[in-house]
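Q: This is the structure I want to talk about, given as structure tokens.
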Amino acid sequence: MATASSSDDAGAAMSISIANSSKRPIATTKTAASIPPYATLAFGALSGFASCVLLQPFDLLKTRLQQLDHRPLSPVSNKSISKPQYASRTQKLVAITKDIVHTHGYQGLWRGTAPTVIRNVPGVALYFYSVSHLRSVASQRQIPLISVAIPSDASSNTSTLAKLSTTGNLLTGAVARVTVGFILSPVTVVKARFESSNFSAATERTLLSSMREIRAQSGFRGFFQGFTATALRDAPYAGLYLALYEACKTNLAGLSRSMDGGLGTGNWMVVSASGLLAGTLATLLTHPFDIIKTRMQTTPADTLHQIALAHDPKSTLSPSVLRDSLKPSVWGMTKHLWASSGPRALLDGLGLRCARKAASSAIGWSIFERGRSWYTEREASSSAQEAGTGTRLLDHKQV
């Protein structure tokens, strides 16, 4: 992507795979040998699984933080309700953690891991595959404002992702993330209910029982509850993240030129640091929509109905007609949050989400890019060995 770095750095990121090694016969061409889809999906799934298992407690605690109101007021009136008060978010976080450990033991911090894995492993795999494919297509077709010229040579220590402009990174990241998010929305809703304390563990024992409960309460639409807020969070997040990730890689690689030999954009330290920085910055900019998404997915149906009556224009309709289907809009939920908890409600769980996203980005992209680099290096070595064997056989026949 376009940055203030040198032209040598701009030529560091090659199209979807590394196939320009000087050991290979096709090194003089500009067409990179593509990594097969199964390899991209496998490395994406592996990175997603590692992030899920290691970082699930962050997700659980974030959900519990975001589902609480700051003041003991009902959603639509000034009547007090019995909710604990905390002087700070730190006290709230400590109290929630102690309650979970006391009630369920330390394993309780990993509640919701199953739906998280079911969502994230295929989700991350599909996202990495989709964004890689979109970037490869855009790079090869040289689309104006999206693609950039691909150099005929590149270091073996460069990224395996195709090179696009800032606009291209924004668009491909957003399209891939929102598409995958829509496909996996039902599992996302189940995951939120597993992590929330607003739903009975008896009805949320398994994925199937939770899905039956959602279907009974809200119908098929219940599986996409909060998707608008999710899309408003994910589209800018993914676009900003991918653009920032590529910018950080290029700039960090440029800064490393003062070192002996420098570091390429595919170096694991550059990739990990870029993922961490990009994940943190993109999270800061999109966090309010994560709050709204969580509230939409973890608030009981009757409370959502009351919020909709109080803050949405549909409240003028007969409550008896809308009792089973009325849900607040994104704007209606935003007004409720502002009225019941003030602007600070839009910051709940920000620290946990930043820590989780930063760590997830560093882990995910490191495993993904390292896996792809390992695959291309293995293929290059195999091709070199085959070429050497063929040459020896030809020499033997000539003798």
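From the backbone N, Cα and C atoms, a Cβ is placed for every residue, glycine too.
Sharing the feature lines straight out of Swiss-Prot:
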- 379-399: region 'Disordered' (REGION)
- 35-137: repeat 'Solcar 1' (REPEAT)
- 164-251: repeat 'Solcar 2' (REPEAT)
- 266-374: repeat 'Solcar 3' (REPEAT)
- 41-66: transmembrane segment (TRANSMEM)
- 112-138: transmembrane segment (TRANSMEM)
- 170-195: transmembrane segment (TRANSMEM)
- 226-249: transmembrane segment (TRANSMEM)
- 270-296: transmembrane segment (TRANSMEM)
- 349-367: transmembrane segment (TRANSMEM)
Q: I need to check the long-range neighbours of the transmembrane segment (170-195): which residues 6 or more away from its ends have a CB within less than 8 Å of a CB in the stretch?
A: 59-60, 63-64, 111-112, 114-116, 118-119, 122-123, 126-127, 130-131, 134-135, 138, 146, 164, 204, 207, 210-211, 214, 222-227, 230-231, 234-243, 294, 297-298
Q: If you average pLDDT over the repeat 'Solcar 3' (266-374), what do you get?
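A: On average, pLDDT over the repeat 'Solcar 3' (266-374) sits at 80.
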